[in-house]
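Colleague: First, the structure itself, so that you have it in front of you.
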Amino acid sequence: MHMCIKKQSICKRICIKQSVTFHLSACLFVYSTETPLIHGDIVPNSKRNAVPCTARGCKWPKDGDFVRIPVSISSMYSKQERRFIIQVLLTFHKSTCIRFVRRKWRHQNYLHFFSGSGCWSYLGRVGGEQRISLRRNGCLHTDTVQHEVLHALGFHHEHVRSDRDQHVTIHFENIQEGVESNFQKVQTNNLNTPYDFESVMHYSKFAFSKNGQPTIVAKSNPNLSFGQATTMSANDIARVNRLYQCCE
């Protein structure tokens with residue numbers, strides 16, 4: 001684990017613990033019908049298979065105490081919508097060492113937010129203009145924006161992490177035909193953090209159900225509801241800080 005030794009004032013300022021609240025939501029994501037996706041909202045990258053995002057090329061580079069990621073936002077959004085996206089990006093500033101900066105001409109690798117055919121992202125840094133689709137009608141919610149940005153930072157969905165079978169049961173008999181791959185387990189780097197039902201990266205209990213029956217059931221409590229986070233959990237934040245060696 002990265003230890004904070006120097007510049008304690010900076011560490012204290014950027015490592016803020018956030019309280020987490022949740023609400024019951026009907027549908028968090030509107031999936032693309034034009035872009036072939038894996039795990040529901042991740043654009044496949046032919047250069048990288050489904051491995052833990054630990055390689056230097058997968059992570060965004062760190063510059064001193066911070067990870068500065070250039071960002072551009074499409075003009076197809078209104079001023080209010082652009083302001084909202086910026087406000088959500090600033091939530092990462094409050095709790096991690098990630099810093100989103102305005103993209104300038106010299107920045108060759110950057111995130112570009114646009115209103116595409118759904119809510120989707122690439123996994124980790126892929127280089128060049130890296131698109132994140134946030135459709136104006138359906139994707140402009142705090143949890144959704146954070147979710148797609150976390151993909152771009154290198155994080156998978158919670159229910160596919162390598163130790164998921166210890167915590168949940170996947171009921172493939174209830175999953176819609178053709179989307180079973182959204183529930184395939186991945187050899188993830190869990191960064192010594194527990195399985196988190198409150199993660200903004202967790203699918204809901206009835207995600208992709210074909211018959212109204214649960215597709216994901218918690219082993220500890222079959223009646224537990226999840227996948228309703230309205231913002232990043234403490235574990236989501238801890239994982240960003242650990243992957244990018246921020247101070248915690």
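Residue positions begin at 1 at the first shown residue.
A Cβ is built for glycine as well, from the same backbone N, Cα and C atoms used for every other residue.
Dumping what TrEMBL says about this protein:
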DOMAIN    49-248  domain 'Peptidase M12A'
BINDING   His147, His151, His157  Zn(2+) binding site
ACT_SITE  Glu148  active site
Colleague: For the domain 'Peptidase M12A' (49-248), would you mind checking the mean pLDDT of the predicted model?
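Modeller: The answer is 94, the mean pLDDT of the model over that range.
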Colleague: Round to a whole number and give the Cα-to-Cα distance in Å for the pair Glu148 (active site) and His157 (Zn(2+) binding site).
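Modeller: So the Cα of His157 (Zn(2+) binding site) lies 10 Å away from that of Glu148 (active site).
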